[in-house]
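Database features (TrEMBL):
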type: BINDING; residues: Ala16, Glu37, Leu45, Val81; note: FAD binding site
type: BINDING; residues: His152, Gly153, Asn154, Val155, Arg196, Arg197, Glu208; note: NADP(+) binding site
Amino acid sequence: SRAPAPRICVVGSGPAGFYTAQHILKHHDLAQVDIYEKLPVPFGLVRFGVAPDHPEVKNVINTFTHTARSDRCAYYGNVTVGRDITVGELQQAYHAVVLSYGAEDNRVLGIPGENLSGVYSARAFVGWYNGLPENRDLKPDLSCETALILGHGNVALDIARILLSPLDFLRKTDITDCSLAALARSKVKRVWLAGRRGPLQVAFTIKELREMINLPGTQPVLNPADFTGLENAVKDAPRPRKRLTELMIKTALEKPREKAAMAQAAIPRQWGLKFQRSPQEMLPTTDGTRVRGVRMALTRLEGLGDSAKAVPTGDMEELECGLVLSSIGYRSLPLDPAVPFDTQHGVIPNSLGRVTGVPGLGVLLLKPYSPFGWLVLVWRSVLQWVGEERTCGCDHHHHE
């Protein structure tokens, strides 16, 4: 008798989940893929993580929609795996289960004052202006003039750009009405982005930096002293890092733009990068309820390139601000007691995507802004599972 079609379950409907489904359907003519999502609507970070003024990145939704309409693909929204259904139950019903539910929590700084009013995680703030249901009632206080973003990644630049963008720009995007109204009332006119390491370790890309530099009505403020000697240091660096550093150096050294005959003092909004500063404490207002600033430890770097570590020098400084946004990365959470989880590193233990000690169970994690780096993993793991002998809940075997 003919072997049954392999059935694959994908937990999570973000980019990783949909690319996984797409490749399984494309390269295995008989495979059936079911996608489970805890939210009512699909697309994960593409819908709720991409900045509203980057519609070109969201175009991939068209491809995902085509995948979802396949006769061999089904989508089940508003289903929380680990609560509404267990991973064990899914394993009984499918030949293979792929966990691509991503990193749904934010990393914490673990410093005093982190819970003060006016301190928010980047994840919550991005979810707020993108309409993520769990963040719709965030109501961030934008009544201060200075905001501090902790982190030097693309998400940090996204937030800075949204805070400082002209309203006419934002009105043309799919930003939520409530966040647009709040930004219209915003008093923020100065945004600092601080990181523990130096210019050679920033994690944002040149595209996002160039957008920030060219943002109308804003002035970049970069200290030329931060870039002393870096031109020689990046001569042999990979081209993306070299170009990125050269753009920062150029921006730091050039005089304020004379375009539109605006003097620097007339430019209403500013942003800048602060390097080698590590947050130690959120400073409260006199009544102890709100943040008024951050105490930062100055650092020095040990090592070179991406492996350089920030070591405190012993010197401290205070930076006044009424809004703090922590953009230091995300972390995964345990999904189900039946699935092993490394709490120290915030990951599911795996080897090339196969969950350690649990046959037929795999894991994928998609980094924002890096949608294709894990596709080899899909080939090596998921497509191999459906080609190997597996037992499903119907007590029959499948051989490719």
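Every residue gets a Cβ built from N, Cα and C, even glycine.
Here the features listed in TrEMBL are painted onto the structure.
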residue : record               : Cβ contacts under 8 Å, 6 or more apart
Glu37   : FAD binding site     : Gly12, Ser13, Gly17, Gly44, Tyr75, Tyr76, Gly77, Asn78, Val79
Val81   : FAD binding site     : Val11, Tyr36, Lys38, Val87, Leu90, Tyr101, Leu335, Asp336
His152  : NADP(+) binding site : Leu193, Ala194, Gly195, Arg197, Gln201, Val202, Ala203, Phe204, Leu273
Arg196  : NADP(+) binding site : Gln276, Arg277, Ser278, Thr299, Ala310
Glu208  : NADP(+) binding site : Asn154, Leu157, Asp158, Arg161
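Around the Cβ of Asn154 (NADP(+) binding site), a 10 Å sphere holds 21 further Cβ atoms from the protein chains shown. The Cβ of Leu45 has fewer other Cβ atoms within 10 Å than any other of the binding-site residues Ala16, Leu45, Val155. Shown in sequence order, Val202, Ala203, Phe204, Ser327, Gly329 are the residues of the chain, 6+ apart in sequence, with a C-beta less than 8 angstroms from the C-beta of Gly153 (NADP(+) binding site). Taking every pair among His152, Gly153, Asn154, Val155, Arg196, Arg197, Glu208, the residues listed as contacting NADP(+), the largest Cα to Cα separation comes to 20 Å. When the alpha carbons of Leu45 (FAD binding site) and Val155 (NADP(+) binding site) are compared, the span between them is 12 angstrom. The CA atom of Ala16 (FAD binding site) is located 18 Å away from the CA atom of Val155 (NADP(+) binding site).
Those residues noted as binding FAD (Ala16, Glu37, Leu45, Val81) have their most widely separated CA atoms at a distance of 18 Å. Over all protein chains present, the Cβ of Arg197 (NADP(+) binding site) has 20 other Cβ atoms lying within 10 Å.
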